[in-house]
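Chemist: Below you'll find the structure I mean.
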Amino acid sequence: MTDTVSSFWGPVTSTTEWCEINYAYSSYIAEFYNTISNMPSILLAFIGLVNAFRQRFEKRFSILHITNMILSIGSMLFHATLQNVQQQSDETPMVWEMLLYIYILYSPDWHYRSTMPTFLFLYGAAFAIAHSQFHFDIGFKVHYVILCLLCIPRMYKYYIHTNDASAKRLAKFYVLTLFAASICWLCDRLFCKEISRWYFNPQGHALWHVFMGFNSYLANTFLMFCRAQQLGWAPKVGYFMGHLPYVKIQKPKSQ
Ligand SMILES: [Zn+2]
């Protein structure tokens with residue numbers, strides 16, 4: 001939402017804007033709620049990273065959690081400034097994250113070990129350069145949705161091959177948070193005019209960030225569980241502080 005108040009970052013140059021009044025609380029933060037709502041994602045990714053590190057999961061999971069943190073920090077920068085360069089620091093890691101998911105989901109069945117990571121790495125780098133030059137708008141969204149769709153069949157395969165009830169619950173909450181997040185995103189996008197007339201703006205885009213933070217955490221936890229199962233590490237779902245699920249493993253002595 002455009003508004004004419006003093007702003008530290010200058011006029012809005014991003015191609016997308018959200019249903020929050022700009023610079024309402026500070027001249028340094030364009031969209032206050034959309035900025036601070038990334039904090040839960042950073043914290044969750046940090047918890048995931050510590051868990052992956054402590055139990056010596058494969059590096060791919062540490063990279064995945066770090067990418068989640070970069071993504072959330074990029075998103076904070078974008079919503080705080082509403083500048084085109086920062087928009088890319090939000091969007092480009094979104095694509096990198098999906099490429100990592102593709103790697104984690106498909107690499108166990110891939111015969112040529114180094115071709116897939118090399119290809120995905122080059123693809124990620126080429127995308128970053130192309131996006132910085134051409135500022136894809138609708139093209140970015142379509143490309144992102146295609147990457148997401150590529151992950152779904154394999155995610156579903158993992159789901160039906162998992163017998164553990166707690167792990168299945170992770171996957172169910174994953175779908176639930178994705179659904180809730182999408183509804184919030186869409187309402188913020190489609191009904192902004194109506195919402196702006198309300199006494200109170202529910203901040204749909206900020207809620208999307210919060211739900212997506214949990215969504216990514218659940219996805220990563222579920223994938224860690226499935227991978228640990230593939231490697232014979234006897235995974236179990238534990239609950240941090242009684243509520244937040246995480247994967248506990250027991251590696252065989254020889255590893
Ligand atoms: Zn956002």
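Note: Cβ is positioned from N, Cα and C throughout, glycine not excepted.
The shown structure was predicted, so the numbers you read here are calculated from the model rather than taken from an experiment.
As annotated in TrEMBL:
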{"type": "BINDING", "residues": "Trp18, Glu20, Asn22, Glu31", "note": "Ca(2+) binding site"}
{"type": "TRANSMEM", "residues": "32-50", "note": "transmembrane segment"}
{"type": "TRANSMEM", "residues": "62-82", "note": "transmembrane segment"}
{"type": "BINDING", "residues": "His79, His205, His209", "note": "Zn(2+) binding site"}
{"type": "TRANSMEM", "residues": "94-112", "note": "transmembrane segment"}
{"type": "TRANSMEM", "residues": "119-136", "note": "transmembrane segment"}
{"type": "TRANSMEM", "residues": "142-159", "note": "transmembrane segment"}
{"type": "TRANSMEM", "residues": "171-191", "note": "transmembrane segment"}
{"type": "TRANSMEM", "residues": "206-226", "note": "transmembrane segment"}
Chemist: So around the Zn(2+) site, His79, His205, His209 aside, which residues have their CB within 8 A of the centroid of those CB atoms?
Modeler: Trp18, Glu20, Glu31, Tyr33, Asn34, Thr35, Ser37, Asn38, Ser75, Ala206, Trp208
Chemist: Among the binding-site residues Glu20, Glu31, which residue has its Cβ surrounded by the fewest other Cβ atoms within 10 Å?
Modeler: Glu20
Chemist: By a simple count, how many Cβ atoms lie within 10 Å of the Cβ of His79 (Zn(2+) binding site), its own Cβ left out?
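Modeler: The answer is 28.
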Chemist: Pick out which of the binding-site residues His205, His209 has the most other Cβ atoms within 10 Å of its own Cβ.
Modeler: His209
Chemist: In terms of DSSP three-state secondary structure, what is the assignment for Asn22 (Ca(2+) binding site)?
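Modeler: Note: Asn22 (Ca(2+) binding site) is coil by DSSP, not helix or strand.
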Chemist: DSSP on Glu31 (Ca(2+) binding site), three-state: which is it?
Modeler: coil
Chemist: According to DSSP, collapsed to three classes, what secondary structure does His79 (Zn(2+) binding site) have?
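Modeler: His79 (Zn(2+) binding site) sits in a helix per DSSP.
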Chemist: Taking the Cβ of Trp18 (Ca(2+) binding site) as centre, how many other Cβ atoms lie within 10 Å?
Modeler: 22
Chemist: For Glu31 (Ca(2+) binding site) and His205 (Zn(2+) binding site), what Cα-Cα distance in Å is obtained after rounding to a whole number?
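Modeler: Just about 10 Å between their Cα atoms.
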Chemist: Cα of Asn22 (Ca(2+) binding site) to Cα of His209 (Zn(2+) binding site): how many Å, rounded?
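Modeler: Here the two Cα atoms lie 18 Å apart.
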